Amino acid sequence: MQGKNNLSCRPDTEDNEELFVDDQLLSPIGDSKNTSSFIYLGNPISFHEYNYDETMVSPENVKTAIAGSAKDHETCRGFKKTGTTSYKDFVFSRDYTNWTPTFWVLLSQLIDEFLKESELNFVAARDLLIKTKRLPKPFNNLLIQFQIQVPNVSRRTVYRHLKGYFNIPGYERFQYVKKASSGSWGANDIITLEKEIAMFKKKKNWSDEQFLQYVWSDNHRDEMKTLYNCLYELIDRDKKSIYNYLRRKYNPFKKKCKWTIEDEAELKKLVEKHGTSWSLIGKLSNRLPMHCRDHWRDYIQPGEINRSPWTIQEKEKLIKTVNQYLQSNPSSPIQWSLISKNMRNRHRHHCRWKYYTLISRDIHNSSPFKLGDSIWLIERMMDLNVAEERMIDWKCLSEYANHLWTADACKSHFERIKKTLFIDGLSTFSDTLIHLHKMLNSSPEETYISNLHDSYTAFSNADDLC
C-alpha cells in the first residue's frame, strides 16, 4: 500500500482494484471495471487512457485541478486493472470550455428534477442559495450529476450559473436568458441558429471546414444570403447582429487570442503598410479582424498606459468630458476610445470603469428609498403609461421627486425592486408594474414610511402626487 501524498491502487478483488488519493477512495461512476470516471471528495473527475510507464506521481495535480486552477491539462498517473496482466495510465484533464446553450438545457433539466425530488418551489430553493455563499447540501448531488455528464466544466462555473438561473443578486452576468433582441444572445436563439446551420450544411453537402471558409468568402454570397434571411425570420435579432455573430463564431482563422512579441511586431508592420483595413490585416495575420483591431487599439496604439491613482483633476475632467460627449451625442453609446484620447494615457477600459464608479457613488450617496418611496416610484411609472421599460424617462421621475434621487438612482432602485420581489415571466411591462404595486401594498400600513411625505395617506390620491 502506498503512503500518503501518492496516487495509488489497492487490491480489492482478483478482477478489480480500487484507486486512492491520499487514502481517499476514488469512487467509480458506472461500471467499476470499465469506467474512467471517478468521484473524489464529492467531485467527479475523468481520466483518459495512455500507455503505462510504471511511474507513481503525487496527486497534488488532481487536487489543484479539482480546485479549479489546473493549467495545460496537468497530469497525474493512476492505476486501474483492465485485465489480468495489463495496466493503463490515465491523464486527468479539464478543458476551459465556454458555457453553451446545451449546458443551460442540461442544467435546467437537472434543476426541474431537483425541485420535484426535494419538494421545494423555485422561491424556496432561491432562498437557500441566497443565505450562504457556499453550496447548500441539497444542491450537491445536482452539481455532481451535471459534472458526470460534462466533466470538463468546473464546479465553480456550474455553481455560478446555478445562482444566475435563480437570479441571485451579484450573478447577473450568469443569468439564463432564453431570448434577447439586443445584447448577449439568448440560449434558445443560439440553439435555433446552430440547428438551422446544421441543416443548411447538410442540404448543401458542405463540410465544417468548407462552411467556415464560405462564411468569410465573397464567392458564395448568394448561398450565405439565403441562410442569413432564413435566420432573420426565425430569430428576433436584426440582420447585422446575426451577420456579426456568425462571423465571430464560425471563422477559419487558426490564431486565437494569445499574442507574442513577434505577433505584435507583425501587426505593427501590417498597420504601417495597410492602415486600418482590418479585414485585410486579419486575413494576412490569420486572425479575426476584430481581434487585430482590439489588440491594436487596447495595447499597442495607446503606448505606455498611466496606471497611477486618479487625481481629483482627472476625475473632474473625465466627468466633464463624458457629459460633453453625451450632450453632443444623446442617442449613441459612449465611444470610450474618444474619451480616452482626451484623457491622454488613460486606457479606455479604465476611463469607463472610473466613470461608472464615480456615478455609482453619487447614487449610493443619495437618500435611501423607503417602502412608501418605492410605492410612489411604481405609481409614477404607471402614470407615464409606456409600453416598455426602455421608454421610461428617468429624468422626469427625478424631477417629480424634486431631485431627491438622481435619474440613475431611480432606475437602479427599480431594478432592485424587481430582483427582490423576483419578477419574471409576466407578459407586458404594464402587468409587471401592476404586480409590483400590488405586492408592495400588501405590507402593513405602519411600514408605509416615505422621504417625500409624512405618511402613506398623504399620497394615497394619485392626482395629488405631482
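Every residue, even glycine, has its Cβ placed from backbone N, Cα and C.
DNA-binding region is the annotation Swiss-Prot gives to one range among 117-139, 140-162, 209-231, 278-300, and that range is 278-300.
According to Swiss-Prot, the feature DNA-binding region maps to residues 336-359, out of the candidate ranges 168-191, 336-359. Over the DNA-binding region (278-300) the predicted model carries a mean pLDDT of 88.
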